């Protein structure tokens with residue numbers, strides 16, 4: 001029986017690492033997983049976890065792949081010995097947090113290059129073969145930050161909004177080829193993502209005015225509270241990827257949590273944006289407890305941080 005060949009970007013930690021392990025250790029042994037990392041020197045945690053999980057020989061192979069470099073993507077594709085990829089998981093990503101005016105151009109460019117251009121490069125490398133074979137699935141790590149603007153995440157949200165448009169456009173066009181695209185929309189996830197933010201947690205705050213610095217402090221407190229109350233374990237999110245992978249008729253979007261859907265729906269029901277802007281501002285910055293300020297939304301405290309793709 002031919003195994004399902006899966007290639008995952010961004011496997012040094014977090015969702016990518018956990019998904020690679022989950023598939024490679026599947027009792028059915030029906031997956032061959034290519035776990036890719038930008039720097040193979042970071043493969044230690046994945047290799048050790050694979051050994052402890054008892055992944056069968058030949059179920060997991062690690063490849064170097066830097067989504068910022070088209071040649072690196074092509075080289076990784078050439079090293080897939082089966083000559084095909086059945087499931088492509090675009091998971092590599094970077095975050096950027098803080099006031100927009102203090103973000104350095106290099107940090108902004110890096111986030112857009114990895115999150116947007118990097119996803120495009122990866123799709124350009126693997127989609128043509130899927131279309132020729134008229135078979136394939138693409139899973140992309142999305143974010144609630146791609147469905148609604150989050151304060152102090154302007155560039156990250158811009159990159160994830162772009163991914164929404166990219167994937168939705170492809171999802172409309174690809175069905176005649178037997179290729180399906182699904183976004184896994186994540187809320188906060190307990191990973192090392194926050195520790196790997198471009199420019200650190202907030203950038204050069206000294207360059208921002210006092211009122212903006214105060215608002216950022218409020219946002220950080222809100223962020224901590226949301227992570228304490230709502231952050232998911234990567235294993236929980238991995239199950240959502242598996243549901244999308246196994247679905248006979250894959251949907252465009254799968255949500256790892258429904259906690260933040262009231263705000264997403266608000267953006268749709270009031271296209272002017274007034275309701276969403278007021279509700280999000282109140283949930284994040286109001287002086288009263290978040291539970292009270294969110295009551296008007298008919299749900300728990302909202303305004304999650306960006307998701308944690310790796």
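Glycine is no exception: its Cβ is also placed from the backbone N, Cα and C atoms.
Over in TrEMBL, the protein carries these features:
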type	residues	note
ACT_SITE	156	active site, proton acceptor
BINDING	10-38, 66, 160	NADP(+) binding site
BINDING	143	substrate binding site
COMPBIAS	295-310	compositional bias 'Low complexity'
REGION	289-310	region 'Disordered'
Quiz prompt | Residues that sit under 8 angstroms from residue 18 (NADP(+) binding site) by C-beta distance, when 6+ apart in the chain | solution = 234, 235, 237, 238
Practice problem: Give me the Cα-Cα distance between the residue listed as 'substrate binding site' and residue 30 (NADP(+) binding site), rounded to a whole Å. | Solution: 29
Quiz prompt | Spatial neighbours, same chain, of residue 38 (NADP(+) binding site) - Cβ under 8 Å, 6+ residues apart | solution = 10, 12, 64, 65, 66, 67, 92
